[in-house]
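Engineer: Quick one: this structure, given as structure tokens, is what I'll be asking you about.
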Amino acid sequence: MYLTKEEEQILNGEAGETLRQAIQILVALGDIYGADRLIPIKSAQIAGVSYKTIGDAGLEWISDLEGQVKVPAILNPAGMDLEDWERLRISPEFAEKQKEIVQAYKKLGIRCECTCTPYTLEGFSVSYGDHLAWSESSAISYANSVIGARTNREGGPSALSAALLGKTANYGFHLDKNRVPEVSVSVECSLKESDYGALGYVAGKLIGNRVPIFQLRSKPEKDELKSLGAAMAASGAVALYHVKGVTPEACRMDFEEPEEKIIIERSQLDEVYESKGKEPELITIGCPHCSAAELKKAAELLKGKTVSKETWIFTSRELAERYPEYIRTIEESGAKVVCDTCMVVSPATNSYSCVMVNSGKAFAYVPGMCGAQSVYGNMEACINKATGGKERKAGDSH
């Protein structure tokens with residue numbers, strides 16, 4: 001792997017121990033995957049933020065690092081709402097450790113808006129062809145597929161290393177040859193809303209880590225593409241997909257039709273909706289974090305109603321502050337709008353035995369990461385389950 005003179009000096013420790021560790025990680029990955037050199041990146045998105053997932057060892061490692069990131073960098077969701085952690089019954093001990101983790105990242109110059117949808121934030125723009133070092137699976141999929149940027153599935157340490165250096169190793173999805181579709185997926189039904197999450201859950205299991213190209217009967221919105229990619233990244237390991245006539249590379253590139261073809265039928269999606277579980281104790285929406293359009297829809301569905309089950313709606317703090325009217329309407333129902341975290345990486349979910357989700361990603365992750373059953377429905381079904389379809393009465397305390 002070719003290194004410039006400056007990069008060799010960094011590897012030799014002449015720029016300090018933190019940068020030596022960082023370039024050592026990237027060079028090791030580059031050697032494993034056959035990278036020819038390091039390339040500059042536009043931004044980094046760093047996983048390994050929740051105390052639930054990284055523990056004391058992770059906190060100690062991050063705290064020992066020095067210096068400042070060279071490119072815009074942002075954090076993945078933490079293990080709690082950083083401003084209102086008590087209402088989800090997070091312990092003070094966990095909260096203290098979580099705050100230490102965020103502060104350790106902040107001292108490195110990293111933006112501490114903890115979200116899995118960084119592409120929605122002001123001042124964190126991503127464009128077609130940009131090279132990135134992102135590490136949250138749904139954000140990787142969105143950047144690669146919906147925007148046409150280029151990032152591998154970075155781990156937390158490699159994304160942080162890339163942020164500190166402003167570079168990453170040139171392999172994988174940074175190269176044209178690895179962005180070519182490997183399997184064609186034909187969907188034999190029209191889709192809307194959470195159907196795309198169900199499709200992603202089914203397709204990910206069939207595709208694994210390959211690059212699919214979809215032939216769809218419906219034209220998906222960006223939130224639906226977000227759901228599709230997030231679910232495929234969770235049930236499989238898909239980091240890049242194409243949709244004929246929709247996603248940018250499928251529109252710009254003249255891809256050859258893959259030899260392998262998969263057909264997915266409505267009955268396979270119905271199996272996701274019909275998954276059996278206990279009566280849900282918790283309703284969760286926003287995995288990945290809700291967009292403005294999704295917050296608006298949740299507010300419309302909850303207006304004038306009262307939830308009778310614990311209901312959490314996750315979004316980024318920036319969007320929650322940008323749309324206070326949606327947040328107010330949602331919370332008047334008794335539902336909680338939660339920022340900085342999600343149902344998967346927060347320990348708060350662990351006290352429930354069955355969780356209803358409108359996300360194929362959460363449907364895949366909740367059983368393994370939270371020890372709960374997951375049942376699936378669209379946003380309207382989730383809110384109907386939360387409210388029992390009941391209108392809020394005059395004088396209701398919510």
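In case you wondered, yes, glycine gets a Cβ from its N, Cα and C as well.
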Engineer: Select one of Cys287, Cys290, Cys382: the residue that Swiss-Prot places in the [4Fe-4S] cluster site alongside Cys116, Cys342.
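Structural biologist: The record-listed residue among the candidates is Cys287.
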Engineer: Per Swiss-Prot, which of Lys361, Lys385 sits in the (R)-5-phosphomevalonate site along with Gly48, Val49, Ser50, Asn76, Pro77, Glu136, Ser137?
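Structural biologist: As annotated by Swiss-Prot, Gly48, Val49, Ser50, Asn76, Pro77, Glu136, Ser137 share the (R)-5-phosphomevalonate site with Lys361, chosen from Lys361, Lys385.
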Engineer: How many Å separate the Cα atoms of Cys287 ([4Fe-4S] cluster binding site) and Ser137 ((R)-5-phosphomevalonate binding site)?
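Structural biologist: Computed Cα spacing between Cys287 ([4Fe-4S] cluster binding site) and Ser137 ((R)-5-phosphomevalonate binding site) is 11 Å.
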Engineer: Near Cys342 ([4Fe-4S] cluster binding site), which of the binding-site residues Gly48, Val49, Pro77, Glu136, Ser137 can be found within 10 Å, Cα to Cα?
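Structural biologist: Checking Cα-Cα distances against Cys342 ([4Fe-4S] cluster binding site), the binding-site residues within 10 Å turn out to be Pro77.
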Engineer: Using Cα coordinates, what distance in whole Å links Ser137 ((R)-5-phosphomevalonate binding site) and Cys116 ([4Fe-4S] cluster binding site)?
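Structural biologist: That separation, Cα to Cα, works out to 9 Å.
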Engineer: May I ask you to report the DSSP-based helix, strand or coil state of Cys287 ([4Fe-4S] cluster binding site)?
Structural biologist: strand
Engineer: Between Ser50 ((R)-5-phosphomevalonate binding site) and Cys116 ([4Fe-4S] cluster binding site), what is the CA-CA distance rounded to a whole number of Å?
Structural biologist: 12
Engineer: If I take the alpha carbons of Lys361 ((R)-5-phosphomevalonate binding site) and Cys116 ([4Fe-4S] cluster binding site), what is the distance between them in whole Å?
Structural biologist: 12
